[in-house]
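Engineer: Pulled from Swiss-Prot, these are the listed features:
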SIGNAL    1-20  signal peptide
DISULFID  CYS44-CYS59  disulfide bond
DISULFID  CYS51-CYS68  disulfide bond
DISULFID  CYS58-CYS86  disulfide bond
DISULFID  CYS70-CYS84  disulfide bond
Amino acid sequence: MMKVLVVVALLVTLISYSSSEGIDDLEADELLSLMANEQTRKECIPKHHECTSNKHGCCRGNFFKYKCQCTTVVTQDGEQTERCFCGTPPHHKAAELVVGFGRKIFG
């Protein structure tokens with residue numbers, strides 16, 4: 001009977017150790033994933049900043065990703081250049097306004 005208890009205790013110890021190692025590995029993977037997401041968040045272009053060279057690199061806003069909006073600028077020399085900035089398109093602004101108004105009403 002004593003041998004059975006020792007074997008059971010040994011098995012329980014091994015199982016708990018292996019499951020804790022698995023949890024540690026899972027936590028490490030989650031941490032790496034969060035760090036990678038934070039890195040991409042830092043690399044995105046904030047609202048109202050220039051995105052001429054990277055038109056798909058705008059950050060996310062409250063509800064939608066900002067869009068790179070471009071305009072043609074004419075210099076005093078008559079040269080036309082394209083300038084772009086990250087901003088919220090009008091239809092996204094309208095949707096955010098409706099959602100904000102709905103939150104105020106329905107709380």
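Just so it is clear, glycine is given a Cβ too, placed from its N, Cα and C backbone atoms.
Have a look at these and tell me how they're positioned relative to everything else.
Structural biologist: Secondary structure at CYS44 (disulfide bond), taken from DSSP and collapsed to helix, strand or coil, is coil. In the structure as shown, the Cβ atom of CYS44 (disulfide bond) sits within 10 Å of 17 other Cβ atoms.
All protein chains included, CYS51 (disulfide bond) registers 23 other Cβ atoms within 10 Å of its own Cβ.
There are 23 other CB atoms within 10 A of the CB of CYS58 (disulfide bond), with all protein chains counted.
In the three-state DSSP scheme, CYS70 (disulfide bond) is classed as strand.
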Engineer: Relative to the Cα of CYS84 (disulfide bond), which of the disulfide-bonded residues CYS44, CYS58, CYS59 have a Cα no more than 10 Å away?
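Structural biologist: Close disulfide-bonded residues: none.
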Engineer: Rank aside, I only need the closest one: which of the disulfide-bonded residues CYS44, CYS58, CYS59, CYS86 has its C-alpha nearest to that of CYS68 (disulfide bond)?
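Structural biologist: So, spelling it out, the nearest of the disulfide-bonded residues is CYS86.
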Engineer: Would you mind reading off the Cα separation of CYS44 (disulfide bond) from CYS86 (disulfide bond), to the nearest angstrom?
Structural biologist: 10
Engineer: Including all protein chains displayed, how many Cβ atoms other than that of CYS70 (disulfide bond) lie within 10 Å of its Cβ?
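Structural biologist: There are 13 of them.
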